[in-house]
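Note sheet for the following structure.
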């Protein structure tokens, strides 16, 4: 193996650039040529491919987003799209790839491996919804961004004795809301993985007010419902001064945290090691603070589970 490619796919996440940097520099250290593929699988099919060097990834580790850009390309699920990608890989002499993205990106990685190009997947998503990894690249930064916003919103909530419902990203996973809720001292956390009762929440808020706590912050995962709808349902059970806020794509941006930079560097380096061993169709993760790899096919039938012990802790520490 002499040449490998790197692409980022799906939603961007802080730390993707750190992962690209690690893959590129580790591969170059091992004597490999490295090619960057712009715009994910769409760029692969279009042949938007360029040779990288050490300076290409210089001054990138601290930057959010992805220097390789990203795009969704559902056509790659079809054989025709895959064959067009294979044609471009052959044209540039690329023999293996590292794909950085969410669960959808892993399907593309498996398809390319089946076509004879070993491909390793790295979990790049703020949602932390990938099975067989405790953390995904970008999750820690996203939580820190949310917590900073929660701290700021709590200031104004306290000033006006209001209850803020803060909706955060995460798709069908509640990890961002859960971790941010505990770190931000939220009065309640609503996630898809756990049932909730609006009437009981209203009752707890009222009891808290009677004890002198005149303001509150509630973290709501977007996979449950929209913040406005939740606030409307909550208002039906009590006389609360409610405000709803949506923390949208701001959570995906910004410089990656130190933890995400280190995690991305570890995963990127390990991905190259796996390729040098002739392995493909593997998904890299971190489990119990150890970098691991699993057959990517096992991820499709598995389901990520939120750390419900953390949910219990959140309940014990609120109201």
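Just so you know, glycine gets a Cβ as well, placed from its N, Cα and C.
What Swiss-Prot says about this one:
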type     : residues                                                        : note
ACT_SITE : 127                                                             : active site, proton acceptor
BINDING  : 11, 72, 73, 102, 103, 104, 105                                  : ATP binding site
BINDING  : 21, 22, 23, 24, 25, 154, 185, 186, 187, 211                     : ADP binding site
BINDING  : 103                                                             : Mg(2+) binding site
BINDING  : 125, 126, 127, 162, 169, 170, 171, 222, 243, 249, 250, 251, 252 : substrate binding site
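Here the features listed in Swiss-Prot are painted onto the structure.
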residue : record                       : Cβ neighbours (10 Å)
11      : ATP binding site             : 22
21      : ADP binding site             : 25
103     : ATP binding site             : 20
125     : substrate binding site       : 27
127     : active site, proton acceptor : 28
169     : substrate binding site       : 22
187     : ADP binding site             : 24
243     : substrate binding site       : 16
250     : substrate binding site       : 13
252     : substrate binding site       : 20
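Long-range neighbours of residue 72 (ATP binding site) (same chain, six or more residues apart, CB within less than 8 Å of its CB): 9, 10, 40, 42, 104. Taken over all pairs of the listed substrate-binding residues (125, 126, 127, 162, 169, 170, 171, 222, 243, 249, 250, 251, 252), the Cα spread reaches a maximum of 33 Å, rounded to the nearest whole number. In this structure, the C-alpha atom of residue 171 (substrate binding site) lies 22 angstrom from that of residue 187 (ADP binding site). On its own chain, residue 102 (ATP binding site) has 9, 10, 11, 123, 124, 125, 127, 129, 130 as residues at least 6 apart in sequence with a Cβ closer than 8 Å to its own Cβ. Other residues of the same chain near the ATP site, with their Cβ within 8 Å of the Cβ centroid of 11, 72, 73, 102, 103, 104, 105, are 9, 10, 40, 101. In the three-state DSSP scheme, residue 105 (ATP binding site) falls into the helix class. If you count neighbouring Cβ atoms within 10 Å for each of the binding-site residues 104, 185, the highest count belongs to 104. Among the binding-site residues 21, 23, 25, 73, 103, 187, not one has a Cα within 10 Å of the Cα of residue 169 (substrate binding site).
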